[in-house]
């Protein structure tokens, strides 16, 4: 076996037991790693009882996984997979963390975490030493405090144990903030103060297990690769291509804060009521001049250097620190809340990171609440204060209410979809039309109405990961621009921003590492399809509190059918009948039946005929 260690750690927090489990080459060939492998493990262990498994219950599994490209390809990501408390399906979430590299160097391809600890703990991994340790004194801490205490202590412990001279690279750590501890459904798993596995709500899953952090340090070599010379040749090509991404290196994704709204008319403004603006204050140049303290920051081994660090050195929010912010947070902590000033956006982004929340879903719920206040549906009495667009202090107050689950915050902590249902019930008025989500997951900060962005018509509507802008569907279903290719990147476990060499070349690189000899066509018609079909099945099984019906839920948010009210493409909006036709076309091409359910004969062809039992349960629930 090449590029893999061939084993996972299996950690039972309830029994306080740790063991190793083997991974067969056959399973790895079929599911690759990361998102694909995680989906398979969840299906095999929980598939027969999926609807009954509470994502925030002891029975759910939390998977931390690597892929075959981890440690070899430029940049560094780690995959987190579980049953999502947002969608009740499977979301493959990745974060910029060296944890995957450290695990691989310690001899593992990932970790299965099951059960629930009696009290707060953290997981410590140093090569073949694996310990479940008390974390009571760290519970309640945010990232900054954790780095000053827990990580510093463990770093010193390892340095002394190995008798290392100087200051060796610190261990990798992922952790949760108060949002995860209090099981806010859109809590993130954090690392390096400001990087997150946001989509999925896996910070809440980690919190439900009383797991504060996972720390790993490996000193062993990475697994051998199949063809080292070919790997080197391709790496040299890739480095040249990636190093040529000068605009990205210079400005990062934050360059989109102005251009996505002004040039593409697809940026969320005031809960997506608009998508065009011409406010230059949010220009990346203003962030550079007023907030940046570090212009080039990269994940381990990445030549792109797209990350920037903002720090407020003076003013009312002095001490706030954030990564630029990136485009998604500029939009969701900025324009979506009617805020365009860099300092205010940095402040709110800092709060989101310290509290351990997903910036996209947080900005989505804040914008939803603000629109309800704008329309008089939520009142000052409901909130305890006024919630006007552009008022960062009010949004900060609401953030704290959400994390502490106090007052209206208890409802909003359930996420936009569930909060919309509850508020509709309380107020006696349907507010779900103001909830901009797909299957419980907030859409990324890229609209579809203008058709000037990469997101189009059915990008979110039929994605197995709902509103996730990094896993969008497209026609043709088996083309190079849809969720099958994105499932490859998530299963290989690499960053979407280092895929410039292209799908075919990166597949070739994976083959040089693993020796699997996978073709692009094989991925699109077999391996990727197998992963997507299993994700689709688990999403439609859902439960225990929310279930999706593809006949009505394979659709865009109602807001996306409202004509754009301003900008160069004013009046533009998708046609509902056109969307329905494209959804049907997607079903046919991907291998679903006319109702959007994976066909049993396709499952047999993909070698997962066992999943027909789940399909039968879906059909029974939908009376089909």
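The backbone N, Cα and C atoms fix where each Cβ goes, glycine too.
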Matching range for Swiss-Prot feature annotation, region 'Disordered', among 552-575, 576-599, 600-623: 552-575
Chain-mates of 299, 302, 306, 495 with C-beta within 8 Å of site centroid, [4Fe-4S] cluster: 74, 75, 76, 96, 298, 304, 305, 307, 497, 498
Helix, strand and coil residues within the region 'Disordered' (552-575) as assigned by DSSP: 6 helix, 0 strand, 18 coil
Neighbour-count leader, CB within 10 A, binding-site residues: 96, 470: 96
Surrounding residues of the region 'Disordered' (552-575) on its own chain - C-beta under 8 Å, 6+ positions past either end: 265, 271-276, 432-439, 443, 447-452, 457-458, 460-462, 583, 596
Assigned element (helix, strand, coil) containing residue 357 (tungstopterin binding site), judged by DSSP: strand
Nearest recorded site to residue 306 ([4Fe-4S] cluster binding site) by CA-CA distance, among binding-site residues 77, 198, 357, 470: 77
